[in-house]
Structures are given as structure tokens and as C-alpha cells.
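Asker: Take a look at this one; I'll ask things after.
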């Protein structure tokens, strides 16, 4: 028969203290750098308001077929040029009697998708080239850098107009042209950040253990250039939205009868004497969206500055 020794009160207290210490240490897991970065962004009320506004725009764009009171292409000439807050037309009608509120809602789809096309094309071309040029250096860096300098020397809108002249007008062609004009600037930002990162100790350690160049760039370099990349992307989104509005205003972007905020501004400009109020809805939408993107970019830039100071 085995006799178990009696545990003293001191031993039981030690066991409880040890278990509580383990539980406390397990709970106090430091948050990841990504979560800290998001928390810094969400600390600002301005950033939260901008994110809510942009999120609402996304909801409006998705739910446009259900929340728009009229078909955006439906014409009723007898109801042309109705002013703001008219019966059944809260934002009035245009020169063809189309409901401005419905067209504004459907135009949100185009005006939000268009910058994503431009920024996506710029990221597909400028991001990998910037990473490789900054990481590899040498002749590849010199050649790509000179090409980027030559493209940056040209005004972005002029370069976009030249590309549209070759491939023709249209939303996709216009946004690809804007993306091609924006890619060299994204390349410069990514390249500069990569040059700062490639001399870090963990990059040298990855080379020592035999990591390939693509793995090192994707696993170690890219996550550490995300902060300046996010700042540049928000700036490019606002500029692309403004470029889409300008090109559609000139008739080189969205083609009738599809509505975008820029094409609605064009209609308002053509009929500015008959109905000057037509410029208010699309102009206000463009202004608020660009303002939200720019203020969000400033907030991300501030969060990046805090991250660098603490590191």
C-alpha cells in the first residue's frame, strides 16, 4: 500500500501561484505589428469617419439595384430639368428627364471600380519591379530606374491621353492608362523602401540559411514596406478617381448612357444655364470621396511615423 505524503499549505499555495503565473503569461501575448498598426489608425476619429464614409459608398455601390428609385437610363422629357427636392425626384432630373439621384447611385459603382482598376494595374507593374530593383540593385536597378525617371518626367495626364489616343476611349482603357502613368511613382516608393530594408540583419540571415530571392522578397521584404505602400495607394486612389472624373468629363472615359460622376459633371456643364443645380450632386460626391481618401492617407502616414519612432 502506497502512502501519499500530505501536502503542506505552503506547497498548495506555491502550486496555485505557479498556475496563475502561467495563465497570466499566456494571456499577456503581445499583439502583432499588424494589429498595432491598425489600432494606431483607428485611434483617430477622423480616420474612423473616413473609413465609415468609404464603407458606406461601397454598400451603396453594391446595393444600387435595390436602393435606386428609378432606372438610371429611363428618360422622360416632360420631366426634364426638375430642380432639387422636386416631387418624386429628390435631386431633380437632367436634360433628358433622368432621375439624378438614381444616376448618382449607379455612378458610384463606376467611380469606385475605376480607381481600383488603375491602382491594381499600377501595383501589378510597379510593385514587383520596385521590389526587385531595390533588392537586387546593379544594372537591373539602373535600367528600371532610368525608365521610371523618363516616365515620371512626363505629366501623368498627358501620358494617359497619349495611351487613350492609341487604344481608344472607354473606362478600362482610360484606367489602364492612368495606372500606367502611376506605376513609375509607385515603383519609386517601393524601391526606396526596399533599399532601406535590404541591409537589415534578418535579410542577411535569410541569405545565410539559403532562402531564394523570391522567398526573401515575399516573406521578409514585402511585409516591411507595407506602411509606405499603403500611404501611396491611398494617394493613388484619390488621384485615379480625380483622373477618371476628368477623362469622363472630356468624353474619354465612361461612354453614354453609362453614368459616372465625371460624365454627370459634363452633362451639368453643358446645361449650366438651364439647371445650375445639376453640378451639386456629382461635384459634392467627388469632393467628399477625395477628401476622405486624402485624410485617410494622412492618418496612415501619421501611424507610420509613430511606428518608426517606436522602433
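Each Cβ is built from the backbone N, Cα and C atoms, and glycine gets one as well.
TrEMBL: automatically predicted annotations, no manual curation.
Per TrEMBL, region 'Disordered' is recorded for 1-32. Here TrEMBL flags 9-27 as compositional bias 'Polar residues'. Annotation source TrEMBL lists transmembrane segment at 48-68, 112-135, 147-167, 229-254, 275-296. The domain 'ABC transmembrane type-1' annotation in TrEMBL covers 108-297.
Describe the structural context of these features.
Answerer: Outside the transmembrane segment (48-68), and at least 6 residues removed from its termini, the chain residues within Cβ reach (under 8 Å) are 42, 99, 101-102, 105-106, 108-109, 112-113, 288-289, 292-293, 295-296, 299.
Tertiary proximity for the transmembrane segment (112-135) is limited to same-chain residues at least six positions away from its ends with a CB under 8 Å from its CB atoms, namely 57-58, 61, 141, 144-145, 171-172, 174-176, 178-180, 182-195, 197-198, 213, 216-217, 221-222, 225, 229, 233, 236-238, 240-241, 243-244, 253, 260.
Long-range Cβ contacts of the transmembrane segment (229-254) within its own chain (Cβ-Cβ under 8 Å, at least 6 residues beyond either end) map to 110-111, 114-116, 118-119, 122-123, 127, 156-157, 160-161, 164, 169-171, 174-175, 178-179, 182, 185-186, 189-190, 193, 260-263, 265-266, 269, 286, 289-290, 293-294, 296-297, 300-301, 304.
Remote same-chain residues near the transmembrane segment (275-296) are listed as 46-47, 49-51, 53-54, 57, 81, 83-84, 91-92, 94-95, 100-101, 104, 107-108, 111, 234-235, 237-238, 241-242, 245, 261-262, 264-265, 267-269 (criterion: CB distance under 8 Å, separation of at least six residues from the stretch ends).
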